[in-house]
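Undergrad: When I checked TrEMBL for this same protein, it listed these features:
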| type | residues | note |
| --- | --- | --- |
| DOMAIN | 84-164 | domain 'Cadherin' |
| DOMAIN | 165-273 | domain 'Cadherin' |
| DOMAIN | 274-388 | domain 'Cadherin' |
| DOMAIN | 389-493 | domain 'Cadherin' |
| DOMAIN | 493-615 | domain 'Cadherin' |
| TRANSMEM | 620-639 | transmembrane segment |
Amino acid sequence: MWTSGRMSNAKNLFGLGVSLYFWGLMDLTTPVLSGSARPLTEGQEDNLPDKLHQRMKRSWVWNQFFVLEEYTGTDPLYVGKLHSDMDRGDGSIKYILSGEGAGIVFTIDDTTGDIHAIQRLDREERSQYTLRAQALDRRTGQPMEPESEFIIKIQDINDNEPKFLDGPYVASVPEMSPVGTSVIQVTATDADDPTYGNSARVVYSILQGQPYFSVDSRTGLIRTALMNMDREAKEYYEVIIQAKDMGGQLGGLAGTTTVNITLSDVNDNPPRFPQKHYQMSVLESAPVSSTVGRVVAKDLDEGINAEMKYSLVDGDGLDVFDINTDPNYQVGIITVRKPLSFESKKSYTLKVEGANPHLEMRFLNLGPFRDTTTVHISVEDVDEPPVFEPSIYFVEVPEDVEIGTTIQIISAKDPDVTNNSIRYSIDRSSDPGRFFYVDITSGALMTARPLDREDISWHNITVLATELNNPSQVGSVSVTVKVLDVNDNAPEFARFYETFVCENAKAGQLIQTVSAIDRDDPQEGQHFYYSLAPEAANNPNFTLRDNQDNTAWILTRRSGFRQHEQNTFYLPILISDNGRPVLSSTGTLTVHVCSCDEEGMVMSCNAEAYVLPVSLSRGALIAILACIFVLLVLVLLILSMRRQRKQPYIIDEEENIHENIVRYDDEGGGEEDTEAFDIAAMWNPREAQLVVKNRQDMLPEIESLSRYVPQACIMDNNVHNYVLAKLYEADMDLWAPPFDSLQTYMFEGNGSVAESLSSLQSVTTDSDQSYDYLTDWGPRFKKLAEMYGATDSSGALW
């Protein structure tokens, strides 16, 4: 039989909470397990040793131990003792402890059964442990007693202060609230055992925040304690609440928290304008909806309680100005409602009211919650552009109006006090065809070109009016001109009409229906009249029937048409309209005579083929044409060969060509004249043959000077022959361009028609050289004649 107890001393027995003892006798068949009176199961009875089946006397029964938390001693804390009646003290019994905390928190002496706590215990972490004990035969390891379960309970001490788990707190309460208005409830939690003493009994008190707030000591509910607390005077409060356990007694543990309380706003302050008079100004040219100025009424409240509604309640500008409320800044914006005129009215007076739209009935005695101010607005004069009266013109004019006819008088005036003179003009972008003209001073709008409704039926022009003294001030007006129709277009066929008549056609047969169009648009509608032209009134072949629906039928008057007699007829038809005056035109209907079958289907509309004369067959005609074509090809071939016959003259490499002369007979064009000659040819005569640039704009007037070089001149034979060959080639080439060309010469000096071109042998003074002959060379050398010709004492050229 298990027994438990703490026999160390009376202190442990009575002061530390010794385990309970139950004395009594127990039957063998009802053994006690783990300190509770539970019968063994059949399996458990089978596991007991045989000697346990003998009836024996049980001494005492146990089921739990008590131990205080937070033990601070250095030795292991003695908890209790386990003992079996079968333990005779000879050490043959071995005690084993298992379960929660066994070996870690609690240990047992396997010989004596003493239980000790080897770690510091905290009831707030764990309030009890459930363990199991067993007595074994030390030699065999067989259980001497069935395994029993017992509990070790941790007994509480006051080692935890109250804590505000939700702190710090934030709360708000409306300003001007009555005393006792609930603000917020705070709660403190104590981790100690509420069932053991007063360790967890908490009492609340206020440390900071009086006399404005109070707290219920039992519930922690905070209330207002002062009446008429004004947010505008003080908005934020910091309240400190204390929670103390042990019922608030001395020695209890305490915790604190902070409660931040804000007074929320109520509408207890009426709006007020800081000034009773506002002075504003606005230009008379200010557009509608433009801002004139702003007014603001101050309200000490905030949010919805400070919202304002501005309105105009009186004044002489109620229909000229308007006021709107800016919801973001709560200001009143005065705007222009109608166009202003300095010349009409120079100033206005308005009475503006600002009011709170959201009121609280309990604070109406603090009102009124509205205020008024006076606004004086001055209109400033500006130089305005001319104004047209009326603001738009509509003119109707017939299309046959004569040029220069006045169709409308456009009138504008300067709205300013100065009343400057006006000059009129037309914006040419609105009248690109220049059909109209406006008189610059009178504003008379006149036609400048003939009008044609069929081309342009509407004209939208813009007339400008400019101040004479200030051209930057320009006014404009739109003039719409509608061109009215007159009967000036004769009707004509809608298309070209061409039809046929069968050779077997009968008299009265319909061969064509014709219709007409007219570009005019009479108000009464168009109606056309058809008839044969006077020259065809008695046409024996065809007749016309007017259908009175703007169409007409063309009918045959006879039968028996024959292609070989006449294969085409031209029928002139007269078309007249119903206008005033009546206009008419003549259209021609072309009628071909065709061969048709019995059902009237066309077989052929061509006359018999033309019969060639017997003397000239068709094959002969083709042969003649082929011969003509061959001759043309031969002529073109010969001309092409003649153009390619010319071969370039090959200059012997050993030839030495000293100089070249370029002949041209027109005055140079300066640097831009690139057609005269190629200057590179003057430096390399061999390349001159390959790249010869011929002028296409001048004909030669002076022949090449090289042909005047005397043959008797003393010169090298090779050079002489070369020069003559080139000269002959140039003279005899029929395909060479008959204008400026590149020629060469071999020397200068005696015998040259142009004489020497070098300055080496030139005279040194002007007196030895006469230039009188320059005056005979014509206007091209006039400048040279003036520069080098002889002059008299008066400066005149001889």
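Quick reminder: no glycine exception, Cβ is built from N, Cα and C everywhere.
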Undergrad: Mind looking up the mean pLDDT for the domain 'Cadherin' (493-615) in the predicted model?
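TA: Its mean pLDDT is 86.
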Undergrad: What are the helix, strand and coil residue counts for the domain 'Cadherin' (84-164) according to DSSP?
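TA: Across the domain 'Cadherin' (84-164), DSSP assigns the residues as follows: 0 helix, 36 strand, 45 coil.
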Undergrad: Under the DSSP assignment, what numbers of helix, strand and coil residues are found in the domain 'Cadherin' (389-493)?
TA: 0 helix, 48 strand, 57 coil
Undergrad: Reported in the order helix, strand, coil, what are the DSSP residue counts of the domain 'Cadherin' (165-273)?
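TA: Residue counts for the domain 'Cadherin' (165-273) by secondary structure: 3 helix, 45 strand, 61 coil.
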